[in-house]
């Protein structure tokens with residue numbers, strides 16, 4: 001097709017900006033191994049850096065920063081706020097520990113799956129890249145559905161709710177909706193401004209808080225062990241009865257919906273294991289770094305989580321723990337060291353939650369930017385840009401805005417649990433599709449076709465992949481089952497609302513895809529072709545041109 005027949009389409013009509021024709025470059029489609037085999041990750045000596053068109057100077061994350069990016073995104077909200085609900089839904093201390101162990105196994109399996117994909121497609125964006133690589137037809141449908149499921153949920157919203165709760169607790173203020181939500185929004189705003197205006201300072205603060213959080217969890221675990229051993233100064237509290245064999249399994253429940261909601265909350269506490277995958281374009285030697293950082297972070301977190309839960313059970317009486325809401329850790333220190341320690345500990349945990357908030361905003365902003373680099377979002381040039389501070393300012397702003405909305409919108413009492421489920425269901429669906437796709441890539445059918453050539457430098461065991469697939473299938477289906485009487489998670493919302501919300505958001509993504517990739521081209525008598533250009537900052541992005549038929 002002659003150049004004069006090519007006309008810029010989506011960049012202009014959806015984005016409200018223009019792109020000079022001579023800015024378009026001929027380049028290899030990094031998602032097509034038939035065209036891009038020379039740039040495939042894992043080629044000896046390239047470390048994955050040649051896979052994505054990102055200048056070397058923009059790769060500022062090393063092993064430590066990548067590890068703490070994962071660590072901070074995992075630890076922050078869940079371990080301090082979900083044990084109460086998990087104990088109540090599982091029915092007994094022993095079963096609650098089993099649920100945590102199952103969640104840890106699922107997270108470990110997920111880590112292996114995402115390390116395989118991250119070393120095979122080492123660029124920012126995670127699931128966006130993997131779904132686009134696997135599900136080729138209808139073209140861009142999976143990407144659009146994932147885009148809406150990603151951009152219309154606030155990644156850090158739960159942090160806003162919990163941060164507000166703990167700060168109010170620490171300051172001794174009256175607990176009101178205005179107090180807690182206002183403080184949460186202020187925290188989200190400061191985290192956004194830090195990451196949006198000063199990348200290096202944001203990373204240093206994130207790493208420092210990661211070290212601090214590691215110390216806090218270690219201290220809680222150690223204090224619980226010393227309590228069980230009867231060490232001087234650690235003998236307070238009578239929660240040790242929870243761990244006596246006669247009490248350990250008393251009240252165990254195996255009701256499906258409650259068990260899955262408990263698992264959701266455990267997996268929510270681990271979900272950041274894939275956080276480095278969202279920012280691989282900014283990681284030095286991404287293949288080698290990811291292979292080390294992800295397993296290291298998850299092993300450390302799993303051990304600490306199990307020890308911290310044992311510590312809670314050792315110190316806090318069962319009835320108090322079941323009704324502890326989102327301030328379980330504060331109850332732990334109150335029972336162990338007296339009420340005077342509770343406010344100090346609440347402030348410490350608030351800092352941990354803030355570190356998690358920083359990590360989630362950091363990753364979420366990169367996902368929005370990567371979707372824009374693919375020209376999937378409206379105003380793609382704006383969201384793909386690193387202006388004006390050398391950071392994905394627009395993507396971070398979008399994540400901040402939706403996180404603030406979800407922080408203030410849900411009713412009191414249900415806010416945290418609703419946010420967890422609204423975030424976790426799309427995450428489970430995406431993981432289900434990604435893992436099913438990985439099983440497909442290893443099938444004889446895919447191996448026989450060049451279009452799906454797949455030979456990454458790290459491969460998860462088949463049994464691990466199957467386990468992760470089955471886990472996510474279970475987590476997607478069972479929330480549709482009505483909860484048994486007395487097992488309701490929400491006080492004021494129907495159990496099915498998170499499912500309907502997730503399906504509705506995914507449906508919007510499908511409608512968006514149909515409008516711009518099917519309906520309008522059909523009416524206009526053209527088809528779309530992706531091309532690439534380089535931004536002023538040296539980073540490539542896509543534009544679509546229309547070919548007249």
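A Cβ is built for glycine as well, from the same backbone N, Cα and C atoms used for every other residue.
Between the stretches 61-80, 321-340, 521-540, TrEMBL puts its transmembrane segment entry on 61-80. Within the set 254-273, 274-293, the record from TrEMBL flags 254-273 under the feature transmembrane segment. By number of Cβ pairs under 8 Å, the transmembrane segment (429-448) is matched best by 100-119 from the list 61-80, 100-119, 183-201, 294-315, 389-409. Comparison of 140-163, 344-368, 389-409, 460-481 by number of C-beta pairs under 8 angstroms to the transmembrane segment (183-201) places 389-409 first. Within the chain carrying the transmembrane segment (389-409), a Cβ under 8 angstroms from the stretch's Cβ atoms is held by residues 151-157, 159-161, 164, 181, 184-185, 188-189, 191-192, 195-199, 361-362, 364-369, 372, 382-383, 415, 419, 422, 537, all 6 or more beyond its ends. Contact count against the transmembrane segment (100-119) (Cβ pairs under 8 Å) is highest for 254-273, out of 61-80, 208-234, 254-273, 493-520.
The stretch in closest packing with the transmembrane segment (294-315), judged by the count of Cβ pairs under 8 Å and taken from 61-80, 460-481, 493-520, is 61-80.
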